[in-house]
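As given in TrEMBL:
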DOMAIN    9-200  domain 'CobB/CobQ-like glutamine amidotransferase'
ACT_SITE  C95  active site, nucleophile
BINDING   R129  substrate binding site
ACT_SITE  H193  active site
Amino acid sequence: MPSDNALSIVWIYPDLLSTYGDQGNVLVLEERARRRGIPVQTVHVRSSDPVPEYGHIYLIGGGEDRPQILGAQRLKRDPGLRRALDRGAAMLAVCAGYQIMGSVFGGEEGQPVEGVGILDISSGRGQGRAVGELVAETAPELGVPTLTGFENHMGVTHLGPGVRPLSRTVVGTGNGDGTEGCYAGKVIGTYLHGPALARNPGLADLLLRWIVGPELPPIDDTWHERLRAERLAAVRP
Ligand code: GLN
């Protein structure tokens, strides 16, 4: 168990799922908590190990098709994540990790592979690979500025009635239907790499607010803002 008052971050399967710098999501969350005086304890859970139930924020990244299938099989047998989410934990799932959270996703030959069923989504293979910068307008109720990131995936994702779109795409593919990512309760899924939380510190703060409460002291975001401005200027129509 983490010590009292520490924010517990759980990074699921870094040995299988961590492409395009997704581990940066862990670093950004840790840093933004610590700069607010919140102590942090992070656990890296390899795919051979059980997912702990005591975490506050769970992160899972993207990956190639085969590690994604392996990751889904292992996570399906492990009750830790579901128990944590039932207890009120938050989660950010990226790309392969996002698809795994649904009922089904496309394997390396396009074959349907069962997901863990935490999000009401289903994914399959699209017509071609979606590669490049992504810009999307975040759902207004979330109060998070325009999303910027990088995507590289074959999958397209259908959102069921149990989730809401995280954003509407301006540039890029996202889910493949004009929306990008989704959320339900405190679980966010997205195709954004970059890493997502370095490009979108507002998303990191949303996860933190869900756990530590609404009053998060402001912090200096100069470097994040420079990165965002540069990336948004490069792709905005
Ligand atoms: N293998 C999945 C796809 O191609 C996820 C890719 C990724 O995580 N970058 O859709």
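Heads up, the Cβ atoms here are built off N, Cα and C, so glycines get one too.
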Q: Can you tell which of R129, H193 has the least company, meaning the fewest other C-beta atoms within 10 angstroms of its C-beta, among these recorded positions?
A: R129
Q | recorded positions close to ligand 1 - of C95, R129, H193, only those whose C-beta is under 6 Å away | A | C95
(Q) I'd like the Cβ neighbour count for C95 (active site, nucleophile), meaning other Cβ atoms within 10 Å of its Cβ, all protein chains included. (A) 28
Q. In Å, rounded, how far does the Cα of the residue listed as 'active site, nucleophile' sit from the Cα of the residue listed as 'substrate binding site'?
A. 13
Q | Mean per-residue pLDDT computed across the domain 'CobB/CobQ-like glutamine amidotransferase' (9-200) | A | 97
Q: Determine, to the nearest whole angstrom, how far the Cα atom of the residue listed as 'substrate binding site' is from the Cα atom of H193 (active site).
A: 15
